[in-house]
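Visitor: Take a look at what TrEMBL says about it:
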DOMAIN    95-152  domain 'CTLH'
REPEAT    268-309  repeat 'WD'
REPEAT    312-353  repeat 'WD'
REPEAT    366-388  repeat 'WD'
REPEAT    524-566  repeat 'WD'
Amino acid sequence: MGGVEDDEPASKRMKLSSEELIHLSNGSTVKESIVGSSRDLMARPLHSEGGKEVVGSKGVIKKVEFVRIIAKALYSLGYIRSGAHLEEESGIALHSSIINVFMRQVLEGDWDESVTTLHNIGLTDEMTIKSASFLILEQKFFEFLDEEKVMDALKTLRTEISPLCINHSRVRELSLSIVSPSHCFTVRSPKQDTSRARSRTKLLEELQKLLPPTVMIPERRLEHLVEQALGLQRDACMFHNSLDEEISLFADHQCARDQIPSYALQILQAHTDEIWFLQFSHNGKYLASSSHDCSAIIWEVDANGLSLKHKLSGHQKPVSSVSWSPDDHQLLTCGVEEVIRRWDASSGECLSVYEKAGLGMVSCGWSPDGKWIFSGVNDKSISMWELDGRELECWKGQRTLKISDLEITSDGKQIISICRETAILLLDREAKVERFIEEDQTITSFSLSRDNRFLLVNLLNQEIHLWSIEDDLKLVSKYRGHKRTRFIIRSCFGGLEQAFVASGSEDSLVYIWHRGTGELIEALPGHSGAVNCLSWNPTNPHMLASASDDRTIRIWGLNNLSAKQKDTHGNGIHYCNGGT
């Protein structure tokens, strides 16, 4: 463990390690004096660390490591005497004597001694030793400059730092700080503070990151392990879907099924034909739907549910899809092989129409800055437009199909579209690089995750595939259970941190899976026709919307929300009593 034997009790050995050397974070100075030099402190294992005693029912936790981490946590929390008592009673030191000497030397500015001690700790990686030495000598260099000892700083740079033969660009920056003192402030890293005490403690923190954790336990190690354990419990929880759900250390975490939106709280009935598509705005305050009745509707979301805001008329053909602008102030609607219309979401006014002579639009999307729009065209090309309707660019060739979704990543670099029956194109428009997701089955639709790292791909064979697209294209998971034989069925990510996958189905049910495990959580009845599309409110993990051939939109929520009874046909809205 990089320590040395010592006849004295742990509490009497180098208390500097505990008391930060424990007050690192607040810049406190250390007043304890420590006797001894590093020259006779070559690292040897502590006697108490020689055994393999373990704790815990599974026999995987080494007692020595466990005690040292607890001691570290006690000191970090300010329980100095408790940490010292633990070291004394257990006979297990937080740090070895040589590490305590090294820490004292750094905090007291004994630079030459600290470099010597560093070499005696017993590190085997030469690059680690060089990198740590560089940090120490850099601090020495800056302190000489602070004291206006320019020649001493120059000597340190020439005879100690440069011979390490690492970080050459940094060496050049240090040289410039000698020639131009004003440059000194620009080259100082965050650890070099104007206060010498704070600067040295930050240096020690940087050194701690370089040295092996068995030598110097990382800061907040116990907190990190506990947070990691809680995170794993949360991720493994099938129904975790609430920011308000507190995770306690006293019991294993498990949410109840009632965190999943599985109760129909509202039925929206303003469309007069099949509803094919719907999408919540990015801020969750609106829902847009499109229908075979050649119209789109903007619904407003408030504390009482959803209400009709605007019915958008003007398309001569069924409206196949909609797309919200990044600021949610505007909405695109796309007619089936017809035109794209841009609407003002506040007034309901049509602002512009995008069309190409002799051709029809099949899909639509926005650039992340809202300055351009993209469209799939039925000649298999993809076009980019100015908002005023001027076409800027056109990617010709096999770029899209007549039935295809269109997504643009949030950095604006990639355009994603179904380019062949069994392939999705990921076109990097800046690097002009094309990548392809290849499937064995016909692709019917896809959906991009909010973090742009994953695609949900719906297939003809009644499967939904989850693909990672961040680096190498990789099939991650498969979801099964829903029914699809004739129609375009869409799925979506949703819930807290998009931990769930929801899909429509031709059997009139809404299907919800846990994204991580692929396990089916719910199959929600209620619709009387095929469920074509779903959208999960991005700001409310307890609100899910489904669109169906039965001409209705169902708003799903939790059963503990109060739903008001209103006139069944009032403003095209029906309020349920929590049942389905």
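A Cβ is built for glycine as well, from the same backbone N, Cα and C atoms used for every other residue.
Unlike curated records, TrEMBL annotations are generated automatically.
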Visitor: Which residues, given as numbers and ranges, are at least 6 beyond the ends of the repeat 'WD' (366-388) yet have a Cβ under 8 Å from it?
Guide: 323-327, 330, 332, 334, 337, 340, 342, 352, 354, 356, 359-360, 394-402, 404, 406, 408-412, 415, 417, 419, 427
Visitor: Let me know the model's mean pLDDT on the repeat 'WD' (524-566).
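Guide: Per the prediction, mean pLDDT sits at 88 for the repeat 'WD' (524-566).
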Visitor: Residue list, the repeat 'WD' (312-353) vs rest of chain: Cβ under 8 Å, 6 or more residues beyond ends.
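Guide: Answer is 273, 276-279, 281-283, 285-286, 288-298, 360-366, 368-370, 373, 375, 378, 387-389, 402, 405.
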Visitor: Could you give the number of helix, strand and coil residues in the domain 'CTLH' (95-152) as assigned by DSSP?
Guide: 46 helix, 0 strand, 12 coil
Visitor: List the helix, strand and coil residue totals of the repeat 'WD' (268-309) as derived from DSSP.
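Guide: The composition, in the requested order, is 0 helix, 25 strand, 17 coil.
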Visitor: Can you count helix, strand and coil residues in the repeat 'WD' (524-566) using DSSP?
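Guide: Once the DSSP states are binned, the repeat 'WD' (524-566) shows 0 helix, 17 strand, 26 coil.
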Visitor: Could you put numbers on the helix, strand and coil content of the repeat 'WD' (312-353), residue by residue per DSSP?
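Guide: Counting residues by DSSP class gives 0 helix, 23 strand, 19 coil.
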